[in-house]
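What TrEMBL annotates here:
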type     : residues : note
TRANSMEM : 111-133  : transmembrane segment
DOMAIN   : 113-503  : domain 'SLC26A/SulP transporter'
TRANSMEM : 139-157  : transmembrane segment
TRANSMEM : 186-209  : transmembrane segment
TRANSMEM : 266-284  : transmembrane segment
TRANSMEM : 305-327  : transmembrane segment
TRANSMEM : 368-388  : transmembrane segment
TRANSMEM : 449-466  : transmembrane segment
TRANSMEM : 472-491  : transmembrane segment
TRANSMEM : 503-534  : transmembrane segment
DOMAIN   : 555-637  : domain 'STAS'
Amino acid sequence: MVYGDSNDSNCRLVRMKTQISAPHDGSYDNEALSCSTIDISAHGNGEPHGGLRGSNEFILSDSGKKVAGDDQTGQLNLWLQRKAKSAFSEKMIKKRLPILRWLPQYNSTDAIGDLVAGITVGLTVIPQALAYAGIAGLPAAYGLYGSFLGCIVYIVFGSCKDVPMGPTAIASLLTFQTAGGNVGKAILLCFLSGVVELLMGVFGLGFLVDFVSGPVSSGFTSAVSLIIVTSQVKDVLGITAKGTTFIEIWRNIFNDIHNVQVWDTFLGLTCIAVLLIMRIVAGLKVGPADDELKSKNHRIINKMMWLIGTSRNAILVIVCGAIGYTFQSSAVAPFKLIGDIPPGLPSLKAPPFSLTANETMSGHEESFAEMVSSLGSGLIVVPLIALMENIAICKAFSNGKPVDATQELIAIGLANIANSFVQGFPGTGSLSRSAVNNASGVRTPMGNIYTMALVVLSLLFFTPYFSYIPKASLAAVIIAAVVFMVEVKVVKPMWRTKKSDLIPGLGTFIACLALPLEMGILFGVGLNVVFILYHAARPKMSVERLTSPGGAEYLIITPDRCLIFPSVDYVRNLVTKQSIRQSLPVVIDCSHVYGADFTAATVIDSITQDFARRDQPLFFYNLKPSVCAIFEGLSPADFVVYYREEHLDDLLKQRAYKPKEVISA
């Protein structure tokens, strides 16, 4: 029943029943109008809804031609034509090739900014690439192999100017846990991850990253940071301690602690201290606080301090390499060195789709199917985490502009596919290098080309000298970089805003430390979904005892969200309990109920029957027409809806309601 205004001055109660059977002419009645408070029957010569009908027999195409509604082939062809027209429109082409948007406006100012930023990032990416290869369990050269070709691809397809494409700490650790240090599997993982990312972008699946909440992401990132730091402790101490999980690595470290190398430990700890000090130097400023009052000398000194602090990794690696070379040439080698790196660029070839017996740990050949099977869930986890990292960078430096997750998926997917043809392992945008890129004044994605040039030059001319770099110094570079990824600072704001969010965050953190990373993040997402479902199943319900304009007391119950299957039994029990306790007319305020389902409709039907048996009035206030149509689908016998507060007294008079004695609980 819908109680509303008619053409007369008096109000009346109207029972509307929707006829579902369709007329023979192919038209249909608009069922949404069955809950409208507007009476239009007088304007349609007695026909339902005033004669308003919508045709489902014909669909008007873009060309103006009519296509029969039951002509599925015609509809499919029209849909394909619209998609093709949209895909090849100028707007879509520029959206999928972002270089077409900024390259025509490229000028000398942009070129200078990109040059400075690209070289600065290049000085950072080279030592990090060498170090991250160690995290992935691969020879150092493979970090450089994955740091140049993807940069070119991102220039064309990338939508964020601050993203420098290449290996990252998290992607490297996931590569190690997935490929187990096997070079062939790591390269194939890069190729397949790129394919998965590209397909996700083509099918618009970038929204999947939205299912990883902020607390889960923070817990995952913090756990990964500690695992990476732990994995580098062995190189600082100069011992051998393998493992894939936090607990396993520390167990092996304690088992081999008696083999600690003094010189490696001294060098590693000294490098960590120097890097942390140089990090502080990068943020120091001399002169007045106001930039306009600084002299030219002040600006030069500040810029030099920032440049030295920003290039700290490259400076440290060069100095330590010189030290390693000195000891090596004097036939005394107290440090463990990273070893020989093949000079020159890698050969351009397809990723391995099978492994020979010499390339496997088991000594048996592996087919493509066996390789894919051994990679397991990493084929999904690695692309998703890469997307998370990249989107986090885009959001951090977007200045409020929307982030196109689909385009970023296409960009990093194509970049990883390209990297796999030069023996690279999976990579994505690095947050630390993006911060350097942004602070260096990058203007467009063209900054990647200068970073690529430095990597190529290092491969062509400097790889013989890289072999003298001590492992302890690279471990120090990683530790000093990722230790700040532990997101302790989010705990306090999370505690102040919503304490329950700490549970999925802490759960993810512990699970990622104790379990493989893919299991840890899956546990965190699952825990977060449980919280969401519980929140949906327990809506907040306000219960108030009010008096109508006519002086009648009634009980108003207001749910704060939609009525769907997890919550309807909870709502029913509360409504029943309060109505029996108060023994008053009950009004359910549906102002916040924006959706419902079949289960909710059955419960509403049951509630109305219960109230009818007790002869206790039950009304629904301000129910949205779309929700009303769902409830009306079961044709409940005593379902009454009204939309004005003053109508409540008229409804009570029509029900001949008389107050009863209150029943004690």
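Backbone N, Cα and C atoms are what each Cβ position is placed from, and that goes for glycine too.
Those TrEMBL annotations? Automatic predictions, nothing curated.
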*Residue counts (helix, strand, coil, in that order) that DSSP gives for the domain 'STAS' (555-637)*: 39 helix, 15 strand, 29 coil
*For the transmembrane segment (305-327) and the transmembrane segment (472-491), does the number of C-beta pairs under 8 Å, pairs 6 or more apart in sequence, reach 3 or more?*
yes
*asked:* Need a quick answer: max count of Cβ pairs under 8 Å to the transmembrane segment (186-209), which of 111-133, 368-388, 503-534 is it?
replied: 368-388
_Below 8 angstroms Cβ to Cβ, which residues of this chain, lying six or more residues outside the transmembrane segment (472-491), approach it?_
127-128, 130-132, 134-135, 140, 169, 214-215, 218, 221-222, 224-226, 228-229, 232-233, 235-236, 238, 264-265, 267-269, 271-272, 275-276, 279, 313, 316-317, 320-321, 335-336, 338, 431-432, 502, 505
*asked:* Suppose I define contact as three or more CB-CB distances under 8 A, residues 6 or more apart in sequence; do the transmembrane segment (139-157) and the transmembrane segment (449-466) meet it?
replied: yes
*Out of 111-133, 266-284, 368-388, which stretch has the largest tally of CB pairs under 8 angstroms to the transmembrane segment (503-534)?*
368-388
